[in-house]
There are 2 protein chains.
Amino acid sequence: MSPRGRRPAGEDARAQIVEAARTELAAKGYDGTSLRGVARAAGVDPALVHHYFAGKTALFAAAMEVPFDPRQVIDGVLEAPVDRLGESLVRAFLGVWDTPEGRVRIAALLRSAATHPDAMTLLEQFLVREIFGRVAGRAGPRGLERRAGLVATQMIGLGFARYVAELPGVADAEAEELVAAVAPVIQRYLDLPGS
Amino acid sequence: MSPRGRRPAGEDARAQIVEAARTELAAKGYDGTSLRGVARAAGVDPALVHHYFAGKTALFAAAMEVPFDPRQVIDGVLEAPVDRLGESLVRAFLGVWDTPEGRVRIAALLRSAATHPDAMTLLEQFLVREIFGRVAGRAGPRGLERRAGLVATQMIGLGFARYVAELPGVADAEAEELVAAVAPVIQRYLDLPGS
């Protein structure tokens, strides 16, 4: 294999894996999809999937055309002290989506989830498993589902209002103004006593 | 006109007015639509529109197939003391949508708004003008747009999570559990100092 030939072949293999991931995710949901299963569906060695993608979140992001690995972002969020997780989550959320490319992408994701039940189920499993569940779990184990769900209501609503509805007072706010307003709410939900 | 003939004729006229309202709302948005304009478009006397609909919110509700007049609901919300407006709003919101018919209707409304920019603009104008703007205005005039927008983020997110995504921990919660969790958030946004 010549050095000139390797890159296109590699990109083809990567594209093939991403396409297989889309099919697997649509058929089996987030929880039911594995890197091994995607490798099988793509007809490649599992090692090749691991070569291109750090893990399931990176593969999910590629399949959804999200321009970053959500796991890395949440790893960063979780480095905050437990009493500042709310602030950390809201700032990271606005940090990754408040770009011209990010705005277009999150609006498309939320619109798609709102209208296609399968896309909604997929996004929901992903958000619960990798994002809100992890953040709520960091704050403690009791009443995790309720606390993660409440965090999701506020974050999804913030995403819709800022990026889809472009609501006055929210779409035009500075990111740090929204951090100041919304972070205490997320922190409150994270700190709720379990029921 | 015989008594037997009146009712069908009346229902026809009402349906004609609702149809004209849909067309006017789609073309001119909520703020640009008037009862007089709808009467003109329907080819009926404005008094007939007033005969069937208590006001613009009632006509809007009929056009959107919402089974109650939002203005009456918000009038009730605003009767609460200013420091309990959050509780009053969340309880009323869940009260009107937590029915089998209500669930189907709000899910359809939110889905439609998420995918059709015109439907989103229409819903947004309505929500800002008649719902969140009025509630935030009752709490005070400063920073009204920002406070109303923040209230909208939480309420829209609650609606999506409970009725569209049916998120675990939120969809299955008792209404009063959600009132207890979310009302302080709404109250916090209403009470924010103006910027």
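Here the Cβ of each residue, glycine as well, is placed from N, Cα and C on the backbone.
Per TrEMBL, the stretch carrying the note DNA-binding region among A:34-53, A:54-73, A:154-173 is A:34-53. DSSP states for the domain 'HTH tetR-type' (A:11-71), grouped as helix (H, G, I), strand (E, B) and coil, give 43 helix, 0 strand, 18 coil.
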